[in-house]
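A.B. asks: Below is the structure I would like to discuss, written out as C-alpha cells.
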Amino acid sequence: MEVAGQEEGGGQRRVQLADHQVKCREGRVSRQALSDLVDELQAAKRSDHFDAREDERSAPNYYHQDPGPRSRGVTQWGTQGMCFAWMEQKASWGQYPSVSAVERDLKLIVFNALTYFGPKDVRNAEARSLFAASEQIFARWARCPGAYPCRRCNMDGLSANKVLLCTACCSGIHEKCLPCGGREWPWGKDLHHPLRRLTRPGGEVAGGDCFFCGEDCFVRFTDSVKRLLLPAPSPPKRSRNAHPLALAKRRKFPPPGLPPSPPRARGRGWG
C-alpha cells in the first residue's frame, strides 16, 4: 500500500505503510487527530505572526474593498484570509473532513503572506519557513489511512491503487480514476513548485514536481504563483576545488597544458 504526493526534495513522494507506524484508526482520521495536526503545524512556526487574522491598521489594503467580501475576511486578491486561530476553531467544530482540508488552509496562510509582504519582510521569511516545515509534517501524516481519500470515488487513499495529491487543492485522486489511467496527463507536467525550488539544493528536478487534478486547479495555482513576492533563488555553491586550475594550485602542480615552472634559485646565506 502506498500514497504518492509531493515531496520537499522534488518529485512524487511514495510512503510505504508497512514501514511506518500510523497514528490514526484504519479508514478514517478522527477529529482529535486533525486537531493535533493543527497544533503540530502551529508549533512548527517560529513566531506568533499567523496566530490571528491580519490587522487592517498594520496591513492596509490587505482585505477586499467591498464591504461584503471584506466582512468575510476575503483578501484584496480574492482569496480567503486564514490564521491558526480560525484553523483551531474549525478543527474543534469538526469542519475538517481529512488531512487535505487542513493542508489547504495552511497553504492559504503561506500564500497570503507571500502575496502581501515583500521578500525582505520577516513575515515573508516566516511563511517560507512554515511551508518547508509543513511539507515534512504532511508527508508523515500521509501515512494515516483516510488522510487523503480519492475525490472521484471517495474511497480510502491507502489501497493498492496509487493516490496522487493535487498541488493546488491538496485532494487525493486515484491514478486509475484519471482519464487514461493518468497516462499523458497534461496538468502539472514539467512544472516546478516555486517554494520547493527555493529550498532545494542542486536546483530543479527534471520532469517537474507538481500534479493537478484538473485544469481549474492548474489555472488557479499558476495565477497565484504570479502574485508571490519571493526572493531570487540563490545559485548553487561551487566547490573551491572544482576547477582544474584550483586543483593544480592546491597540489602544487602546473595547470594542464602548461610547462612546469623552473625551480627558484636559492640565495646564499650569511656566515
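Glycine is no exception: its Cβ is also placed from the backbone N, Cα and C atoms.
Dumping what TrEMBL says about this protein:
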{"type": "COMPBIAS", "residues": "46-58", "note": "compositional bias 'Basic and acidic residues'"}
{"type": "COMPBIAS", "residues": "254-263", "note": "compositional bias 'Pro residues'"}
{"type": "DOMAIN", "residues": "37-124", "note": "domain 'Bromo'"}
{"type": "REGION", "residues": "46-74", "note": "region 'Disordered'"}
{"type": "REGION", "residues": "232-271", "note": "region 'Disordered'"}
A.B. asks: If you run through the domain 'Bromo' (37-124) with DSSP, how many residues end up as helix, strand and coil?
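C.D. replies: Taking each residue of the domain 'Bromo' (37-124) in turn, the totals are 43 helix, 4 strand, 41 coil.
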A.B. asks: I'm checking region-level scores; what's the whole-number mean pLDDT for the domain 'Bromo' (37-124)?
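C.D. replies: 94, rounded to a whole number.
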